[in-house]
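J.: For ASP12, the entry in Swiss-Prot reads active site, nucleophile. Annotation source Swiss-Prot lists Mg(2+) binding site at ASP12, ASP14, ASP177, citing sequence analysis.
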Amino acid sequence: MTQQEIKLIAFDLDGTLLDSVPDLAVAADQATRAVGFPGVTELQVRDYVGNGADILIGRALSQSLTINPELSDELRAQARELFDDFYQQTGHKLSHLYPTVKETLKALHQAGFTLALVTNKPSKFVPDVLQQHGIADYFVDVLGGDSFPEKKPNPIALNWLMEKHQIQPTEMLMVGDSKNDILAAKNAGCASFGLTYGYNHGEPISASEPDFVADSLAQLLDVVLVSA
């Protein structure tokens, strides 16, 4: 990949553009308590996110990154349903964009890049979140965790984007904060841009060997905007 080749940039949402853990933690805590289990803290939930809501709730009920195999499917489904309700009720008021996110998206949009969102978050929550934080209009495609049969690190969403926009893997860049994002990019054959903040279960993003590592989303402009 050379910078001049990139046409489409796919972004993860939670932990990349948006710190959503404060709201997710409130909902997870309420859901686990509602089914008679101990509650969870924001610190715990920071460690549990990144693999979709079903996994988040399984971890919260288990109080561990490893889900307790003795938890019944019925209990997990009940807790997940409650979690969705509680999360909707938060109104995403505690979530906030990371620094430089809006300015960076605006600059990329104005420069003519196609921007897409590829998140493991349930699709039904995504449009409101994007709208609320004033970034909905930058994205041509918004793909949630249930848009396809498999979530990241499966490359199905990235492959779909390449097919839709008729581009090659060398023309796409995946931007994310977790191992799943970097692996999805590798599995799709495209380059990846890993952010050091966000949610990656305490593991440095560099361990997943993205093509670029950055502390701020604004550094993405240095990678893709080649000065005239």
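Positions of Cβ are set from backbone N, Cα and C atoms, glycine also.
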J.: Cα-Cα separation of ASP177 (Mg(2+) binding site) and ASP12 (active site, nucleophile), in Å?
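T.: Just about 8 Å between their Cα atoms.
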J.: For the residue listed as 'active site, nucleophile', which of the three DSSP-derived states applies: helix, strand, or coil?
T.: coil
J.: Taking the Cβ of ASP14 (Mg(2+) binding site) as the centre, count every other Cβ atom within 10 Å, in any protein chain shown.
T.: 22
J.: When a 10 Å sphere is centred on the Cβ of ASP177 (Mg(2+) binding site), how many other Cβ atoms does it contain?
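T.: ASP177 (Mg(2+) binding site): 24 neighbouring Cβ atoms within 10 Å.
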J.: Provide the three-state secondary structure of ASP177 (Mg(2+) binding site) computed with DSSP.
T.: coil
